[in-house]
Amino acid sequence: MLETNKNHATAWQGFKNGRWNRHVDVREFIQLNYTLYEGNDSFLAGPTEATSKLWEQVMQLSKEERERGGMWDMDTKVASTITSHDAGYLDKDLETIVGVQTEKPFKRSMQPFGGIRMAKAACEAYGYELDEETEKIFTDYRKTHNQGVFDAYSREMLNCRKAGVITGLPDAYGRGRIIGDYRRVALYGVDFLMEEKMHDFNTMSTEMSEDVIRLREELSEQYRALKELKELGQKYGFDLSRPAENFKEAVQWLYLAYLAAIKEQNGAAMSLGRTSTFLDIYAERDLKAGVITESEVQEIIDHFIMKLRIVKFARTPDYNELFSGDPTWVTESIGGVGIDGRPLVTKNSFRFLHSLDNLGPAPEPNLTVLWSVRLPDNFKTYCAKMSIKTSSIQYENDDIMRESYGDDYGIACCVSAMTIGKQMQFFGARANLAKTLLYAINGGKDEKSGAQVGPNFEGINSEVLEYDEVFKKFDQMMDWLAGVYINSLNVIHYMHDKYSYERIEMALHDTEIVRTMATGIAGLSVAADSLSAIKYAQVKPIRNEEGLVVDFEIEGDFPKYGNNDDRVDDIAVDLVERFMTKLRSHKTYRDSEHTMSVLTITSNVVYGKKTGNTPDGRKAGEPFAPGANPMHGRDQKGALSSLSSVAKIPYDCCKDGISNTFSIVPKSLGKEPEDQNRNLTSMLDGYAMQCGHHLNINVFNRETLIDAMEHPEEYPQLTIRVSGYAVNFIKLTREQQLDVISRTFHESM
């Protein structure tokens, strides 16, 4: 138990007390103090003059950034740390929430700890030159994560990486997907948190095993990072040592804690957590005391959201191929239901979504509604209304996640749930199941290069592919792949902890935490449809002069995933369960728990490039379907049948998430807005009751996207949902835009 002081008494005045006063327990604080809101959106306030002026400035900077080839400015000398840069502002006189990553908004930081080669490549991609002294330091004197990984990789791992049977690995970029509990800084102040870490350090085991030594060093780094966080606050004129005393301070304290994380790390997903209900407690207290108005509350939220929209990292061209459109995954989880049955919806839940009106649509922050059939009807209707209007919201099934994670979890990146401040993950990208099937047919040889990448066993020699024979070899190939995959991830995360440790994010966790090893699969629908074709049609392999199977001839029809047909849907379910079982047989770094996702981001295009012709009729180089989606155009029985197929994928085997991106034309939801809202709400309820996990919802016509592709200057804020995140459509590459346009747009329910 830690001692509190008069600062805490002042900051906590009017709050209901509990264990949270003596120990870090943000969840209990929320449960004791939040105010459920079941009303409608009529209380919401429009943008203030300051908000409109600031957003005009952001839009002008965004325009200049596009005109400069995607990079407004970049630091090429100073390695980014929590305290590396002076304070920066958009307009100090107008901003209610302040802080940017460098001394100027839109100037991107240089983050070499993950890999100096990547930092250099990011500079050169935009016409900048990395400072010679900085390059020398991180080449000759300070080893990086990337160098450590490649020092330890085996030849087999390198071959799999090059061929693309495992790809997107976080060995050349920050792993991300760790959510610091940034709320702790607002509630307790940094001094309280430092005392807690020192207490843990002084009371832990002194039996110096390797695990104990590592944890003691990590705690020392966490303590140091918290001290630097106070210095960051001082740069902006704030005393973060004490807890926040009002709503504005609570938002500012929380944001500066998040800012420290994104100054120190450039992880693929730097998610925010679950902040709206927590912050609403402060807003309600100030509103009741008459010290703030609703318009002022909304202005502070809008300025906070504005800061989250301009989070930026310098990325390499290879990274941008995998994760297109400059995403940062500042994921904020909104809503959900408590384990006591009370919805966690507050007025702030509305205010966060209302920023899409006040500032216009945007991909960041990645607004994620934790959907439950028990959410208040007015909130459900408002969510549907904003989805139809902006296509900027994703939905995740709180009713199935709450069973595993309780009621204070957040979403990291796209679809990965974790209990805030008590759990982190080792992000693991994806294994390519479609390509693995081709390896089974070709005896471990790569269908594109002819190289022996997989184990060297006899391939399929028959003139017609026979299901049992193919599946037996496929099963053996998945055994091999699971081992190489887990071992690769063990190397990556050992080195990331060693050379690019997330000090401030982990300082905002409990000392003892749950770790997961978050694997993933790509090409699920391609593999399932391919096996269905082999089983129900006649598939003849076509070989080249070396005897390598390079194409297929299909005679007859076959069931296709996405039409609520158990004959093929059961194949998809079996593949997920089977591969997860194989992964679990391998030991993980730090005894992390195995999890898996069915998620591709926009890398479905890259996976397609890496994969040859497949037995389902997909041609070499064609993109895979994103995430757990059916292949483009194959879900022909309407929206509900498509959703039903995806909902069969078992969440118990895919606790890292099952991504489904769903596009529907407005008229199919109804003629009148009220009908559209009601039908979309009913569809979400039905999907949740079927145990579907995740749904990106796009509501627009294909013609809109085609026009935006031809006239991007007219669509600066056109936002679409892709696999697990949102993106400005005009920031996608032409190839990725065409991929999105080619996907199924449901014209009937």
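Cβ from N, Cα, C; glycine included.
Features as listed in Swiss-Prot:
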- 3-619: domain 'PFL' (DOMAIN)
- C413: active site, S-acetylcysteine intermediate (ACT_SITE)
- C414: active site, cysteine radical intermediate (ACT_SITE)
- 626-749: domain 'Glycine radical' (DOMAIN)
- G724: glycine radical (MOD_RES)
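Predicted-model confidence for the domain 'PFL' (3-619) is 97, expressed as mean pLDDT. Using a 10 Å radius centred on the Cβ of the residue listed as 'active site, S-acetylcysteine intermediate' and all shown protein chains, the other Cβ atoms total 28. The 10 Å shell around the Cβ of the residue listed as 'active site, cysteine radical intermediate' contains 29 further Cβ atoms across the protein chains shown. If you measure from the Cα atom of C414 (active site, cysteine radical intermediate) to that of G724 (glycine radical), you get 4 Å. Summarised by DSSP class, the composition of the domain 'Glycine radical' (626-749) is 57 helix, 21 strand, 46 coil. Around G724 (glycine radical), the same-chain residues at least 6 positions away in sequence with a Cβ under 8 Å from its Cβ are Q394, C413, C414, V415, L599, I601, G627, G657, S659, T661, H694, N696.
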